[in-house]
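J.: Could you have a look at this structure, given as structure tokens, before my questions?
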Amino acid sequence: MAKVYYEKDVTVNVLKEKKVAIIGYGSQGHAHAQNLRDNGFDVVVGLRKGKSWDKAKEDGFSVYTVAEAAKQADVVMILLPDELQPEVYEEEIAPNLQAGNSLVFAHGFNVHFDQVKPPVNVDVFLVAPKGPGHLVRRTFSEGGAVPALFAVYQDATGVATEKALSYADGIGATRAGVLETTFKEETETDLFGEQAVLCGGVTALVKAGFETLVDAGYQPELAYFECLHELKLIVDLMYEGGLENMRYSVSDTAQWGDFVSGPRVVTEDTKKAMGTVLAEIQDGTFARGWIAEHKAGKPNFYATNEKENEHEIEVVGRKLRGMMPFVQPRVKAGVK
């Protein structure tokens, strides 16, 4: 079982007198920066010129270039997209690190797959909230928190664990609980969850169900409601109380259908395919492919995204969501 730390376990916050540079001011960046500041930390933000720079300024932060922020900080938290981190680290962060500094991540991808190679004289750890930035910020402001993971990759000072827990405490995560892990475990389980279940698995399942109904002659609008729209209702029940709560909350007919039909859809062959996905994550195949795709300008990424956005389920969904003003995306989808 995972070891979990709470507020009572952080008796002395060893980072309170240190300067923390938050590199990036997107979903996680703004939440980390604001939570740390509210908890009395000395926070600066490191960015390239753009909308985020202006937003961080409006929010009252001292904003610098990435290099300037890294140079003056004791703790550098990198909250940029995975594919951008290696270049920014190499050009702007690495030259400004000093012995005893802390290099921090919210995901272990680049360290685990050797895209970022920290010097031996700095602490390296991760603190990864298990929720999007807006939720990290909102729950903190309400007096609660989102649980987080932490892991130490390199302990140059002998107090890297204390630093990691102090950072987690600073963003409020110790209110809910902070689970100890490793860079390897966090990276591989996170990627697997995204690919096999949360993103890849769910989208493939939803599309397959939609296509099955439409191909059988049912109206696309009904297929959308049954296979996509109502998914949130079921996921919310699982989120609140696990599979048991979902099954308790639905009809007996639905629960019996779950028991007799679910295993025929997600079969042993499906689990074998999941095993292959996991193996490709573990041996670096996925990482190498994604890194190569990014370096090539992401042609397949953009082409696939465009094709997926033209699928009938998306066309029907846009139409139906237009009839439901209470269903609005938090962020308008577009080109990344």
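Every residue gets a Cβ built from N, Cα and C, even glycine.
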J.: Given that Swiss-Prot assigns Tyr25, Gly26, Ser27, Gln28, Arg48, Ser52, Asp82, Glu83, Leu84, Gln85 to the NADP(+) site, pick the one from Gly131, Gly133, Gly143 that the record assigns to that site as well.
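T.: Among Gly131, Gly133, Gly143, only Gly133 appears alongside Tyr25, Gly26, Ser27, Gln28, Arg48, Ser52, Asp82, Glu83, Leu84, Gln85 as NADP(+)-binding in Swiss-Prot.
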J.: Of Asp82, Glu230, the binding-site residues given in the record, which has the fewest other CB atoms within 10 A of its CB?
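T.: Across Asp82, Glu230, these binding-site residues, the one with fewest Cβ atoms within 10 Å is Glu230.
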J.: Run through the Cβ atoms and count how many others sit within 10 Å of the one on Gly133 (NADP(+) binding site).
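T.: So the Cβ neighbour count for Gly133 (NADP(+) binding site) comes to 21.
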J.: Tell me the Cβ neighbour count for Ser27 (NADP(+) binding site), meaning other Cβ atoms within 10 Å of its Cβ, over all protein chains shown.
T.: 17
J.: Across the domain 'KARI C-terminal knotted' (182-327), what does the mean pLDDT come to, as a whole number?
T.: 97
